[in-house]
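Working notes, beginning with the structure itself.
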């Protein structure tokens with residue numbers, strides 16, 4: 001339409017267009033194919049692809065109980081304590097606001113300052129590790145909720161330091177490729193197991209005694225009060241489980257197969273709408289004290305819910321939890337380095353923003369700083385570490401190429417803050433299959449692991465297996481890294497001691513340890529400053545473009561007219577990319 005083209009051209013010629021490097025703005029590094037309305041549409045696509053995180057994250061993290069206190073002598077970890085459950089319900093409402101708020105803030109800042117079409121939110125996998133390993137179900141884990149938030153806060157500022165000295169990329173590349181891939185797969189299986197349980201899923205499996213786990217699917221009221229297991233006659237008869245499987249599972253997958261934007265949030269909403277009416281067997285609002293409280297909040301529909309119980313609750317004296325605090329901190333650091341760095345790079349490459357010479361992307365240092373500060377600010381709001389979301393690919397595939405895409409997504413998250421009663425009323429069986437779908441999407445990286453050489457394969461397999469089986473990401477990482485050092489270090493020692501006479505057959509199949517960064521570990525701006533360049537913040541490419549009077553896509557500076565493309569030049573085609581929905585931790 002003519003008015004849209006005119007509006008796009010007007011915005012591109014404005015200060016806004018030049019700042020965000022829209023096509024036709026005259027900026028030397030204008031993003032090819034970008035336009036104002038395309039960016040807005042792309043931002044909406046990203047939001048609908050990842051809006052599920054508001055309800056899923058609040059459901060998972062609220063399982064810790066937050067600042068609620070469960071008595072030590074409670075026989076069932078307060079599962080039947082109505083006062084504790086009411087407090088926990090209040091924590092979940094706080095987390096809905098906190099999740100939406102930190103997602104809005106960090107995503108908007110990513111667009112405004114880093115000019116990247118990438119959205120951030122509390123990370124899947126990291127939130128599960130935070131909830132079920134570090135803090136534990138109803139506070140039964142390694143450290144209290146407040147101490148875990150302190151570890152997250154410190155992690156964020158450590159990331160700030162690593163970013164400023166350029167070590168963040170180095171640390172990400174220092175991990176062997178197979179372990180990085182296996183970490184994502186293991187986290188995917190870990191999330192799948194959570195999606196199959198009762199607390200944050202559809203309730204299809206449960207822990208047992210004679211066996212580690214068994215089939216469940218019964219109504220919680222029919223469980224044996226002593227063993228907590230389902231009677232054989234009532235297994236797989238819980239209607240909420242079947243609603244979750246067919247309406248939240250198969251329905252969502254069908255939509256994803258047909259590339260429907262917002263498929264995950266559509267499935268969650270369908271199950272929720274079915275579960276909201278009160279006089280039904282699948283209602284989320286039973287006529288109990290807990291159900292009445294939830295329904296009263298739900299009826300408000302639109303309301304601003306302030307963060308009451310989890311705002312700035314860190315405990316700074318962690319001497320009592322020294323070893324546990326250290327383990328949690330290191331694991332958060334490691335997983336977040338792989339998670340955010342890997343996702344940022346994959347999305348930057350998808351958007352065509354990668355410099356093939358340096359393997360860096362525009363605004364990488366600022367993007368890392370936004371993520372790092374977002375982690376610390378998010379901990380003050382009571383949420384686990386934020387990270388870049390792979391669902392940003394949904395917006396990039398719609399043509400999003402600049403920070404306007406992320407800013408639009410951030411504004412959508414801000415608006416969602418005022419719909420807290422809706423997001424707080426989404427039942428766990430509506431989000432359980434989402435976790436399973438996320439796990440499936442993450443597990444596809446298993447095909448890229450080097451299975452041909454046991455020195456790579458066994459450590460990778462241990463990460464994949466131990467994460468879900470031990471219900472801990474940290475233990476899986478420890479087993480994987482230690483086994484890698486023992487196996488490959490042992491081979492190296494044997495070869496050295498034998499003077500090279502004893503060699504492992506097939507060692508040529510081993511993947512190289514890609515720990516070196518092109519250009520060293522220091523960021524480019526620091527290298528330029530060390531060489532005495534006064535305007536060290538300027539990229540050499542920018543100066544060359546200004547001097548030649550050409551933009552990257554061949555347009556005359558200030559005219560917006562393109563010259564013919566050079567044959568053989570590489571062209572980024574975002575439109576050919578499929579909408580990415582499903583997970584946030586591609587490592």
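Don't overthink the numbers, they just go from 1 along the chain as shown.
For all residues, glycine too, the Cβ spot is worked out from N, Cα and C.
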In TrEMBL, which of the ranges 64-89, 142-167, 272-297 has the transmembrane segment annotation?
142-167
Please identify the range among 429-446, 447-464, 501-518 that TrEMBL labels transmembrane segment.
429-446
Choose the correct range: of 209-234, 365-390, 521-546, which one does TrEMBL annotate as transmembrane segment? Give that range.
365-390
Transmembrane segment per TrEMBL sits at which of 41-60, 241-260, 301-320?
241-260
Looking at the candidate ranges 477-494, 549-566, report the one that TrEMBL labels transmembrane segment.
477-494
Can you check which of 6-27, 402-423 TrEMBL lists as transmembrane segment?
402-423
Seg_contact(the transmembrane segment (142-167), the transmembrane segment (429-446)) with at least 3 CB pairs under 8 angstroms, min sep 6:
no
For the transmembrane segment (365-390) and the transmembrane segment (402-423), decide whether they are in contact, meaning at least 3 CB pairs lie under 8 A, counting pairs 6 or more apart in sequence.
no
Okay, the transmembrane segment (429-446) and the transmembrane segment (325-345): do they have at least three CB pairs under 8 Å, pairs separated by 6 or more?
no
Against which stretches of its own chain does the transmembrane segment (477-494) lie, if we need a Cβ under 8 Å and a gap of at least six residues from its ends?
176, 179, 182-183, 331, 334-335, 454-455, 458-460, 462-463, 466-467, 502, 504, 507, 510
